[in-house]
Amino acid sequence: MMAENNLKMLKIQQCVVANKLPRNRPYVCNICFKHFETPSKLARHYLIHTGQKPFECDVCHKTFRQLVHLERHQLTHSLPFKCSICQRHFKNLKTFVKHQQLHNETYQNNVKQVRRLLEAKQEKSMYGVYNTFTTEERWALHPCSKSDPMYSMKRRKNIHACTICGKMFPSQSKLDRHVLIHTGQRPFKCVLCTKSFRQSTHLKIHQLTHSEERPFQCCFCQKGFKIQSKLLKHKQIHTRNKAFRALLLKKRRTESRPLPNKLNANQGGFENGEIGESEENNPLDVHSIYIVPFQCPKCEKCFESEQILNEHSCFAARSGKIPSRFKRSYNYKTIVKKILAKLKRARSKKLDNFQSEKKVFKKSFLRNCDLISGEQSSEQTQRTFVGSLGKHGTYKTIGNRKKKTLTLPFSWQNMGKNLKGILTTENILSIDNSVNKKDLSICGSSGEEFFNNCEVLQCGFSVPRENIRTRHKICPCDKCEKVFPSISKLKRHYLIHTGQRPFGCNICGKSFRQSAHLKRHEQTHNEKSPYASLCQVEFGNFNNLSNHSGNNVNYNASQQCQAPGVQKYEVSESDQMSGVKAESQDFIPGSTGQPCLPNVLLESEQSNPFCSYSEHQEKNDVFLYRCSVCAKSFRSPSKLERHYLIHAGQKPFECSVCGKTFRQAPHWKRHQLTHFKERPQGKVVALDSVM
């Protein structure tokens, strides 16, 4: 007997060591054959098979099988744990403590003190919910150890798998909610807009969009939000602002209160909940510490961080600093070179603006044999040259045959003109030297002076006044926002918006907005077209006549050239330039009726790079074929015949696919390409097959 008792005690001790006691489960379910220790547990288990849920919630009418589940559910309606910083409610202590750790990194030191207060609140709110057990009863109810498979099953996570996608979930309710994605069901429907959602929380968030109420208000700037999460993100902006934190601490010192701990900018929260409560409850403090975070003082725009504010263009221009990203990306020497190169390009554009004046000016030099020929003696008298710019008067050429220089007007020297072989570089600035010294002086010797000068940076990205001869457009249109350089052009532009055409033709009644357009139109009614007296050619308008007469030179020879000798001839141009008189000793005998040009002049025109035969030939093309209807002139009879189709309204070329007609064959062929299509094998339909 003693041996048997010892064996029993040994077994009990082994069970105690293994955290296990022998169980006796005599009560078996006749449906699923599960075993239970007590009849109460068996009766509770029968509710699963019958589907009964006798415990109902008075608030939301949700039913449960056990009373403990109902009491735990009722905590969701009361939420006894409230955060003093963000005013958020929690139903249990564990989630509330985790939430407090997010607000403050050093909150773990005060966890014990907070737990005592919260446990006292929890005991009051949870009174009568949980039954207290003794140590022996807890041991009897929970005898299983970690090695027991039932224990590992309870501790296992994500044990509910979806049969469609195989995704795991920790509970059946979350699995059921996930199945709604596959079935496409959205049981929660909005009454106002009939929009449906899978979860009730999503529906509640959506219903806030229909109301103009903003229940969540910031205690610092009084800004309202519909969702609490957006309010929390907004408060982090205040806590990241250094000026806001400094002002908050200063406010605390003046009120002779204990100085709060340093605010954590990384976590974006406060050290304790008392600060948030005082700021929210005291309205005077709210208005005194109202600061818009990271706001530009010029344009009043707000930014998320101080770095973005420093890179803001208005803020950088006001403070005289260059953005940090601009300094990192480029070296200041390269920036200086780029800006100066931009100024040089702006200066060099002047040469392109006066190409027509250069050609006229060049012709007058080529006619002057004094400047081209280097074989003539230096004892000849000085000859006068009438320049192309009549407003500057008459300019003399100095008879120095070694330098071959010519004194020009002041405006031509400022433009950087340097005619090869005629002018020296002493009197005229080159393109490299055309940049003003003022632009170079303001840059500064060091990189800091250069980057801190906003005028230099602005001139690098906008063309200054001194470097380009452009008229400033100061008269804007209030309808289309176009800008014009003078009020007269603005008034002329207003006629487009009003639709007025004040200049009417007396013959056909057609009206125009400008008098120049009316004069050009009246040429079509005249019997005689503009007439060139030299070559006896008629033109359709005065523009063609002026271009023709400006490019031709009238040679009036006093007598025919029979043999080489010393003779005089006059060269006169028909445009605004005054006449040029020159003398020469060498003539080339030409045929009768043709002007005689000096040998040196012909050689210079052939060898001069400025002379272009193609340009001269294109400008002197004669329009000999004139339309009898609109008096328009053409170079060839084929173009005139094609033009007559416009007056006749004929379109002889017809598309065989869509029946569209065209006036010209190229237009018809180009239209045929629109009907091209690629076959499935990748072969393209041929043009002949389409035609």
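Heads up, the Cβ atoms here are built off N, Cα and C, so glycines get one too.
The SUMO2 cross-link feature in Swiss-Prot is assigned to Lys11 (among others); the stated evidence is a large-scale study or a structure entry.
Residues annotated as SUMO2 cross-link in Swiss-Prot: Lys112 (among others).
Per Swiss-Prot, the feature SUMO2 cross-link maps to Lys121 (among others).
What Swiss-Prot lists as SUMO2 cross-link is Lys146 (among others).
Sequence annotations record features per position, and here Swiss-Prot assigns SUMO2 cross-link to Lys262 (among others) based on a large-scale study or a structure entry.
As annotated by Swiss-Prot, SUMO2 cross-link applies to Lys420 (among others).
Per Swiss-Prot, the feature SUMO2 cross-link maps to Lys437 (among others).
Residues or ranges marked as SUMO2 cross-link in Swiss-Prot: Lys683 (among others).
Annotated region 'Disordered' per Swiss-Prot: 258-277, in sequence order.
Packing against the zinc finger (27-49) from elsewhere in the chain are residues 65-66: each is 6 or more residues past its ends and has a CB under 8 Å from a CB in it. What Swiss-Prot lists as zinc finger is 27-49 (among others), and the listing cites sequence analysis.
For 55-77 (among others), the entry in Swiss-Prot reads zinc finger, with the evidence type sequence analysis.
Annotated zinc finger per Swiss-Prot: 81-103 (among others), in sequence order, evidence recorded as sequence analysis.
The zinc finger annotation in Swiss-Prot covers 160-182 (among others) and rests on sequence analysis. If you average pLDDT over the zinc finger (160-182) in this model, you get 89.
The annotation zinc finger is assigned in Swiss-Prot to 188-210 (among others). Assigned with DSSP, the residues of the zinc finger (188-210) fall into helix, strand and coil as follows: 8 helix, 4 strand, 11 coil.
Taken through DSSP, the zinc finger (216-238) splits into 11 helix, 4 strand, 8 coil. Per Swiss-Prot, zinc finger is recorded for 216-238 (among others), and the stated evidence type is sequence analysis.
For 294-318 (among others), the entry in Swiss-Prot reads zinc finger, with the evidence type sequence analysis.
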Check: Tally of helix, strand and coil residues over the zinc finger (160-182) according to DSSP?
Finding: 11 helix, 4 strand, 8 coil
Next item on the list: Report the DSSP secondary-structure composition of the zinc finger (55-77) as helix, strand and coil residue counts.
Entry: 11 helix, 4 strand, 8 coil
